[in-house]
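*Asks:* To start, I am sharing the structure in question, which I have written as structure tokens.
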Amino acid sequence: FNLSVIDFCYSSTIIPKMLTSFISKTNIISHSGCMTQLFFFCFFVFSESFILSAMAYDRYVAICNPLMYTVTMSPQVCLLLLLGVYVMGFSGGIAHTGNLMNLTFCADNLINHFMCDILPLLELSCSNTFTNELVVFIVVAFGIGVPIVTIFISYALILSSILHMHSTEGRSKAFSTCSSHLIVVCLFFGSGAFMYLKPPSILPLDQGKVSSLFYTIVVPML
């Protein structure tokens, strides 16, 4: 339920404004509007990352320790996990937005993107952005790295448990339980890492926009 809510809000942060920009002759956004969109974009991206890792842990408990599932994943534990998800989302949003709030923008202020994303805004700045780029890399590496490690450990334990199953039906059920989650994880983290964990000289923004479409529109739709 929370994943669906996050995906719905995540898409709503970007798609309505994007569609308006496509059909409108006044394709503009205010500085405050841009920063607001950036904050909610980062908030929901980080929340998505951490809720996918929480779901991986949930699948680990369901497959590797099914008899203790209702105790291990009690409502209290689920609430704490969700609280952690949204706290990390809020922290990521504040970190990125605060990092870009004090930049000086110049020239024609034409954003080379369909939304107010971090790298296109850094490209527009007249300030020295080395520190800002370093902060972006560290925050994104943490926001992607911690969930990926959690997911990797969970699925390593799940795979080990599946290999010890003697029932073909049990293995099939376990794989079907994890398959949709794994597909979303690969698409979301793969496209996100491809966009943000490479220097702009290696991945031009025009190509990065294609990658952005996957984790802003395709993955939430799935």
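For all residues, glycine too, the Cβ spot is worked out from N, Cα and C.
Predicted automatically and left uncurated, TrEMBL annotations should be read as such.
Annotations per TrEMBL:
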type     : residues : note
DOMAIN   : 1-222    : domain 'G-protein coupled receptors family 1 profile'
TRANSMEM : 38-57    : transmembrane segment
TRANSMEM : 77-95    : transmembrane segment
TRANSMEM : 134-162  : transmembrane segment
TRANSMEM : 174-197  : transmembrane segment
*Asks:* Is the transmembrane segment (38-57) packed against any residues at least 6 beyond its ends, judged by a Cβ distance under 8 Å, and which are they?
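*Replies:* Apart from its flanks, the transmembrane segment (38-57) reaches 2-3, 6-7, 9-10, 13-14, 81-82, 84-86, 88-97, 100, 115-118, 121, 143-144, 146-148, 150-151, 154-155, 181, 184-185, 188-189, 192, 215-216.
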*Asks:* Any residues 6+ beyond the ends of the transmembrane segment (134-162) with a Cβ under 8 Å from its own?
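*Replies:* Long-range Cβ neighbours of the transmembrane segment (134-162): 45-46, 49-50, 52-53, 56-57, 59-60, 63-64, 88, 92, 95-96, 99, 118-119, 122, 171, 174-175, 178, 182, 185, 189, 192-193, 196-197.
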*Asks:* Residues of the same chain, at least six outside the transmembrane segment (77-95), with any C-beta under 8 angstroms of its C-beta?
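*Replies:* The answer is 2, 39-47, 49-51, 54, 57, 135, 139, 143.
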*Asks:* Need one number: mean pLDDT over the domain 'G-protein coupled receptors family 1 profile' (1-222).
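*Replies:* Its mean pLDDT is 82.
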